[in-house]
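Peer 1: This is the feature table in Swiss-Prot:
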type     : residues                     : note
MOD_RES  : 2                            : phosphothreonine
TRANSMEM : 29-46                        : transmembrane segment
TRANSMEM : 118-133                      : transmembrane segment
BINDING  : 126                          : pheophytin a binding site
TRANSMEM : 142-156                      : transmembrane segment
BINDING  : 170, 189, 332, 333, 342, 344 : [CaMn4O5] cluster binding site
TRANSMEM : 197-218                      : transmembrane segment
TRANSMEM : 274-288                      : transmembrane segment
């Protein structure tokens, strides 16, 4: 009888824990995805802060030339970064216990792998937590779908690209200047600016900014007057009020006359779907582009595509970009390569004897 009572008490304790985890009454919703999200993001954040401040230089290229990334080793906020794991490690899983010592682990850039893998797990769980909370509240699932765009982009540069290139040393450094270096080298090696999926991503980000500014300014300009000239217009809104706070008919009429009638949405729901979908689809395509270029399916090559009647090349902007790419390629990892890959790939002339 005693054993039965103890088991019921145990089940009751577990039940209370489950109810607390999945309760929508908590100040911050936890959820089952949150059970994994919280420790992974805390780990990634803690190690990032410590490494950004104090990590020793990392042998990123595997040629015994360490690169400094932390503040205590001479960097500032702009130049500092978490240096990617060494090319000597490649794609190997490299936790602390796989190294002979902590010094070796730090020298080979172990913190980068630790941060990136925990971060990707954490943001994926954050996306799942968004879906989970929406489900509990009876909402539609599109918040998590929208968040999948930045998750896909982060996964592309931190995981898919290193897998395709064969080493975590090719992943994006965790810092401002390191990100710029990643972008420059990516252009040099993959001609990303000439990739149509990147172009769609640019249209998504810039177009999303434009549409967001247009929508915000239209709404702000067509607010229903509820205040005097001496009060802030924001005081005319009360949280939870039933009536509209702006005149969508006036906004529609203004924009329809500014451009043309059918350029203006007359349905608030379809308008907001468009505002969400445009940048999300664009960033999806960019992530897809990074993931294809990871395996060297690169941007368009229009080099020397225009010639005159004598066969002489007439340079286009594609040729100017190609010249810039070659310049960037010979300058990066100067001591790791004797020639840029494009030049080194040419077969040597055959010799007799």
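For all residues, glycine too, the Cβ spot is worked out from N, Cα and C.
Have a look at these and tell me how they're positioned relative to everything else.
Peer 2: Residues of the same chain lying 6 or more positions beyond the ends of the transmembrane segment (29-46) and with a Cβ under 8 Å from any Cβ of it are 20-23, 114-116, 118-119, 121-123, 125-126, 128-129, 131-133, 136.
Listed as Cβ neighbours of the transmembrane segment (118-133) (distance under 8 Å, sequence separation of 6 or more from its ends, same chain) are residues 24, 29, 31-34, 36-37, 40-41, 43-44, 47, 139, 141, 143-144, 147-148, 150-151, 154-155, 158-159.
The secondary structure of residue 126 (pheophytin a binding site), as reduced to three states from DSSP, is helical.
Neighbours of residue 333 ([CaMn4O5] cluster binding site), defined as other CB atoms within 10 A of its CB across all chains, total 15.
For the transmembrane segment (197-218), the list of distant contacts is 251, 254-255, 271, 274-275, 278-283, 285-286, 288-289, 292, 299: same-chain residues at least six beyond its ends, Cβ to Cβ under 8 Å.
Remote same-chain residues near the transmembrane segment (274-288) are listed as 142, 145-146, 148-150, 152-153, 155-156, 197-198, 200-205, 207-208, 211-212, 215, 265 (criterion: CB distance under 8 Å, separation of at least six residues from the stretch ends).
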Peer 1: Measuring Cα to Cα, how many angstrom lie between residue 332 ([CaMn4O5] cluster binding site) and residue 126 (pheophytin a binding site)?
Peer 2: 36
Peer 1: Note down the number of other Cβ atoms within 10 Å of the Cβ of residue 332 ([CaMn4O5] cluster binding site), including every protein chain shown.
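Peer 2: I count 14 other Cβ atoms within 10 Å of it.
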Peer 1: At the Cα level, what's the spacing in Å between residue 126 (pheophytin a binding site) and residue 170 ([CaMn4O5] cluster binding site), rounded?
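Peer 2: Cα to Cα, residue 126 (pheophytin a binding site) and residue 170 ([CaMn4O5] cluster binding site) are separated by 26 Å.
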Peer 1: Residue 189 ([CaMn4O5] cluster binding site) has how many other Cβ neighbours within 10 Å of its own Cβ?
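Peer 2: Result for residue 189 ([CaMn4O5] cluster binding site): 20 other Cβ atoms within 10 Å.
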